[in-house]
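**Q** Input: one structure, supplied below.
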Amino acid sequence: MIVVHSFNNEEEGEDEDERLSLELVHRHDSRFVKDVDRVDVIKGFLSRDLSRNQRINEIIRRKNQGNNNRRKDIEMKSHDIEAQPQFQLPMLSGRDEKLGEYFVDVEVGTPGQRFWVIADTGNELTWFNCLNKGHKSNHGGGGHKHRRRSHKKKRTRTKSRSRSRTRTSKKKRRVGKTNNSSCDGVFCPHQSKTFQQVSCASKTCKEDLSSVFSLKYCPKDSDPCLYDISYTDGSAASGFFGTDTITVNLTDGSKGKLQNLTIGCTQSMANGSTFTENTGGILGLGMTKDSFVEKAAIAYGAKFSYCLVDHLSHKDVSSYLTFGTPKEKILTEMKKTELLIYQPFYGVNVIGVSIDDQMLKIPPKVWNFDTEGGMILDSGTSLGTLVVEAYDPIVGALEKSLANVKRVERDVGILDFCFDTEGFDESTVPRLAFHFAGGAKFEPPVKSYIIDVAPMVKCIGFVPINDTGASVIGNILQQNHLWEFDLAHNILGFAPSKCN
């Protein structure tokens, strides 16, 4: 069940020098934290990646089994796509919570309130930490007990099972305090002239938002549409839905506005590896109706792209999330393949995987969404996650090439193969390549799959998951490449880049 989105972009007069661009900041950028233990960072990556993969595959299974399995097109006619300036959002790396996301700086509301939020291609909902004087949520502190919709944990063939945490060990925290009038660090919808609450009695709440965990609880028609999301790692967020304006800086120096965007106001949270109480919010880059991506695509040419710098770099360098055609000389060198929109995820059709041009024996069903497989690109997953039938041959081939290195016993979560780098020559590592439909071949740099975990220690950076489910090309594998998502033609383009 692949959802096809039709963006008919026929605007020939669009100014290629004007884009919407956001700076991407990794969580471990020195602007957020000065010192970080690399082993703890990797352990955080692993914990979150496992939980996130369970969530991804739970969503895919639910869509395959339920009414959401129906094929739907999001039609964007040529007159819908406005020839406006493109925009870029800087994406920076953080260093504060040992997790692997990239952040962007956005303004929400009128007048704009600024926040650093996680840029997440695997999430369709954009939400913010929210303090609302006019509505007191019953979540997280007594009152009416709502049924929480959670992602059930499936047992995996990894060593992480003994380390899993239970939901009861987490304490839920109210975002903001009702006795505190300050809006510092939280979004205050009551101070926004353009915020509109979504009613719990509306079709939007009952049907359109059901995929992002809207609740059926509706004592009065005028009450807000509530949501309550929880994950097996203990992360949880609850609040209410509304619509508002997000303001972005355009590359021509002006301001652009995405109006009537559906957002969540999170009023209570519980810590976990998916997010913590310090998370400012999430910019949902998953592709669904009325999502941030759909709104931005209509306004800025039906394309978006990003390029991720090294996640462990200590340099204050930025990546950028761009809506519109990226201004890159390497576009002529870009390889292209079919982009599969599997709401809200972005999938690729994998033909096979090779090590030094030798194709590995991996069953084709592993890469097929219709047989509970597939491969997606996800900015919120750190490492590459592979189902066992792909993990074993890929990691096995890499281990053979490293037969002469000195293995080390180091507690780095579920990473099995780690070694001392004294005398190690990276050029001896065979080149890994993912072969996509149409002949495109993605070859990540060696440092993206033989990763640094501690001084003088490297590990093979793949995570084994269940026997079935979607595998993931995470942000470490994606780094040092420009990725372009052409939503008008369902094409994924990619090319090596320094991201500068």
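Heads up, the Cβ atoms here are built off N, Cα and C, so glycines get one too.
Features from TrEMBL:
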ACT_SITE  Asp120  active site
ACT_SITE  Asp378  active site
COMPBIAS  136-176  compositional bias 'Basic residues'
DOMAIN    102-495  domain 'Peptidase A1'
REGION    136-180  region 'Disordered'
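Give me the lay of the land around each of these features.
**A** When secondary structure is read from DSSP and collapsed to three states, Asp120 (active site) falls in the strand class.
Asp378 (active site): 25 other CB atoms within 10 A of its CB, across all protein chains.
Per-residue confidence over the domain 'Peptidase A1' (102-495) averages out at a pLDDT of 82.
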**Q** Inside 10 Å of the Cβ of Asp120 (active site), count up the other Cβ atoms and send me the figure.
**A** 23
**Q** Quick check for the class: what is the C-alpha distance, in angstrom and rounded, between Asp378 (active site) and Asp120 (active site)?
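**A** Cα-Cα, rounded: 7 Å.
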